[in-house]
Amino acid sequence: MIVQAIRSDLLKINGKGLWFLTFLAPVGLIAMQGLNYGLRYDYMIKAYAGDPWGGLLDNILMFVPIALLMGITILSSMLANVEHHTSAWKQLLALPISRYAVFGSKFAIVALLLAVASIVLALGSFGLGLLLGFDAADFPVTDAIKLAAYPYLASWTLLTPVLWMCVTYRNQSLPITIGIVAALISVFPLSEWVPTNWPLASYKAENGETFVLAGLIIGLVILLPAAVHFNRKDVN
């Protein structure tokens, strides 16, 4: 049942700009670092002479948390608004399909889009490094996988509540405000136990896997009451 709901949502988002934003964010980050290196090529190469690939990934990583949290906010809101703007919730929920499947589908779509963006970011990092003249043989595949997967999974603890609010309320001001504030907070060096810092800590901290598991587990735990609430609440 949830597979059918996911297929339906994939069709609904065609032409809505969600796929465009999914690719725009990682391509934009790569382009920004390309400009950074282009303007300061000699300095950057000297600064990271011992590990040029590591330096490139670290510079990209600086902007990954804010991009992820903004992506969660924008994609969740846009996906929910597919139903809100057409007042299609009543028709959708009148179909012989579980509300749990409907909510699970929304979660799966946003998670899928973010996963695609993360993969594009890792591939784009490799492509940018080649353009900068880095040796492909030295490419740190493990670090690139961590860059794509760890911050993404650690952000699930914020993905679930933001999506929950977006699909529940027609007025998107509250979830968008919370998402933007969380994204802005993520750039400040707060305690690593603040969830907004988990995407960065998951890659940089020695116990990064702890933040990955915490984000993943807490996100899935919150998913249960969110689905129960969505199942019981009238959605306009």
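Any Cβ shown, glycine's included, is placed from N, Cα and C.
Here is what TrEMBL says about this protein:
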- 17-39: transmembrane segment (TRANSMEM)
- 59-82: transmembrane segment (TRANSMEM)
- 103-128: transmembrane segment (TRANSMEM)
- 148-167: transmembrane segment (TRANSMEM)
- 174-191: transmembrane segment (TRANSMEM)
- 211-230: transmembrane segment (TRANSMEM)
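For the transmembrane segment (148-167), the most Cβ-contacting stretch among 59-82, 103-128, 211-230 is 211-230 (pairs under 8 Å).
Within the chain, the transmembrane segment (59-82) has long-range Cβ neighbours (under 8 A, six or more residues past its boundaries) at 9, 12-13, 16-18, 21-22, 25-26, 29-30, 32-33, 36, 88, 106, 109-110, 113-114, 117, 121, 125, 147, 151-152, 155, 158-159, 162-163, 166-167, 172, 175-176, 178-180, 182-184, 186-187, 196-197, 199-200, 203-204. With a threshold of 8 Å between CB atoms, the same-chain residues lying at least 6 positions outside the transmembrane segment (17-39) that come near it are 56, 59-60, 63-64, 67, 70-71, 74-75, 78-79, 113-114, 116-118, 120-121, 124-125, 127-128, 131-132. Residues 65-66, 69-70, 72-74, 76-77, 158, 161-162, 165-166, 197, 199-200 of the same chain sit 6 or more residues outside the transmembrane segment (174-191) yet have a Cβ under 8 Å from a Cβ within it.
Outside the transmembrane segment (211-230) by six or more residues, the chain places 99-100, 102-104, 107, 149-150, 153-161, 163-164, 167-168, 192, 195, 198-199, 201-202, 205 with a CB less than 8 A from a CB of the stretch.
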